[in-house]
């Protein structure tokens with residue numbers, strides 16, 4: 001209730017039900033006194049309301065006056081007050097350290113100084129509202145002192161420091177003053193903040209709420225710093241953070257917010273970072289990720305938060321598979337078998353497992369995984385997904401386009417990498433049941449060709465408008481248009497056309513005839529397919545070397561000669 005509600009509140013006292021023999025008498029009395037009573041009641045009511053209004057005004061005046069006094073008492077935060085605060089902090093920190101050394105076995109002697117130290121650390125939170133003054137924390141060595149306290153014998157003090165650092169590094173605050181933020185982050189990195197934070201993490205007991213909060217705030221510091229300065233991720237991972245995250249993920253503890261946060265930070269550390277991906281592989285991290293994900297092969301996550309953690313772990317695994325050495329570890333760790341099982345079980349994890357398989361098989365580095373996938377009867381799993389996109393796919397946030405993109409990419413990788421008997425087994429799938437899989441391939445071809453024609457028409461219109469306005473269409477603009485076309489469906493269409501070229505070059509007349517027959521029926525032509533494949537070859541990346549790109553382009557264009 002606000003002040004007005006408090007003053008106007010009247011409790012419901014209820015009414016007394018009259019006995020039968022009193023009813024008539026009361027009716028007569030009411031008739032006689034009704035008019036007089038109503039008049040008197042209105043007068044009394046007005047008096048009560050006026051008194052209540054007066055009380056309300058007086059109370060509001062007192063509250064306003066107290067608020068003004070509090071505002072007057074608050075000292076404005078400026079350079080001088082921050083310096084004074086830092087000096088007090090340094091004095092209390094030194095005093096506590098001195099008393100702990102002097103009376104190591106007598107906590108009563110240093111306990112008061114510890115409380116004083118904790119109080120000043122709490123007061124320093126106000127500095128987080130003024131990032132322009134962060135330079136004072138560095139110039140007066142407060143940052144170094146705070147980092148030193150991360151190893152304090154009393155974890156309450158180290159947790160208080162973590163809480164303060166988390167607020168100082170809040171990403172919104174850092175962006176308020178780039179200069180102040182740079183100075184602070186430089187000092188933290190120079191002081192090896194991540195190594196000190198990890199040492200503190202090692203001794204925290206998450207069964208104690210305050211210490212569990214300390215773990216959460218520590219992870220927040222890492223996330224804030226990684227977002228502001230992504231290059232510190234490599235150094236941070238090497239200072240023990242990556243190892244601690246893996247240990248925390250595999251710890252036999254119930255799922256909680258900290259485990260979710262660990263999965264988020266892990267995904268951040270691995271993003272576009274080959275050094276961290278290699279380090280994770282060396283720390284047996286691929287096995288840890290597979291073990292954690294194996295829980296979801298037959299069971300769906302029980303909460304939205306647990307599903308988010310699962311997706312973070314899948315993202316981390318996909319990121320690691322960008323590195324060829326990790327694909328070997330994935331193969332040895334029976335990752336293919338786990339993903340194949342997830343595809344068969346039809347749980348929420350299925351769409352993410354499909355994405356992992358795509359990453360594991362792509363390019364020449366995926367050759368061993370492609371052969372193993374056929375050996376474990378993976379073709380029986382992947383082709384039903386090719387023939388029909390799952391109905392309930394929207395519930396897990398994966399679009400039909402994404403599903404078809406991954407399936408077509410996997411088939412393209414299999415056709416590229418398989419040799420001998422396994423390749424024959426794959427090609428035979430396209431002749432089964434009156435070439436139904438060729439029919440499905442052509443159905444997808446026309447679906448995405450139509451989407452591309454719509455996108456191309458829109459882009460051509462935009463180009464025409466730019467020329468009319470006298471704007472130059474440079475390489476950057478062309479690249480932007482190309483990326484838009486890929487997103488609109490060109491990426492899937494390129495894989496579909498590549499699959500068509502591969503299977504038509506396989507010396508299986510039945511397949512080639514069916515492809516040409518359907519193209520003619522739909523009024524399309526080989527020229528369109530050739531053009532799409534040529535564009536695909538021209539835009540292949542360097543991969544590991546320019547030589548790889550050149551050889552791959554020759555191989556793909558060679559498929560067109562017999563198409």
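From the backbone N, Cα and C atoms, a Cβ is placed for every residue, glycine too.
It should be emphasised that the depicted structure is a prediction, and the values quoted were computed from it without experimental measurement.
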_Candidate annotated in Swiss-Prot as N6-acetyllysine, out of 57, 83, 91, 346_ = 91
*Looking at 119-129, 130-140, 141-151, which one is motif 'Nuclear export signal (NES)' according to Swiss-Prot?*
130-140
*Short question: which residues 6 or more past the ends of the repeat 'ARM 4' (325-363) have a Cβ under 8 Å from it?*
277-278, 280-281, 286-287, 290, 293-294, 296-301, 307, 310-311, 314, 317-318, 369-370, 372-373, 376-378, 381-382, 385, 390, 393, 395-396, 398, 402-403, 406-407, 409-410, 413-414, 417, 543
*modified residues listed as 389, 545, least Cβ neighbours within 10 Å*: 545
*asked:* Roughly how many Å lie between the Cα atoms of residue 91 (N6-acetyllysine) and residue 389 (phosphoserine), rounded to a whole value?
replied: 68
*Where does residue 91 (N6-acetyllysine) sit by DSSP, helix, strand or coil?*
helix
_Cβ packing number for residue 91 (N6-acetyllysine), 10 Å threshold_ = 13
*Per DSSP, what is the residue tally for the repeat 'ARM 2' (229-273) in helix, strand and coil?*
33 helix, 0 strand, 12 coil
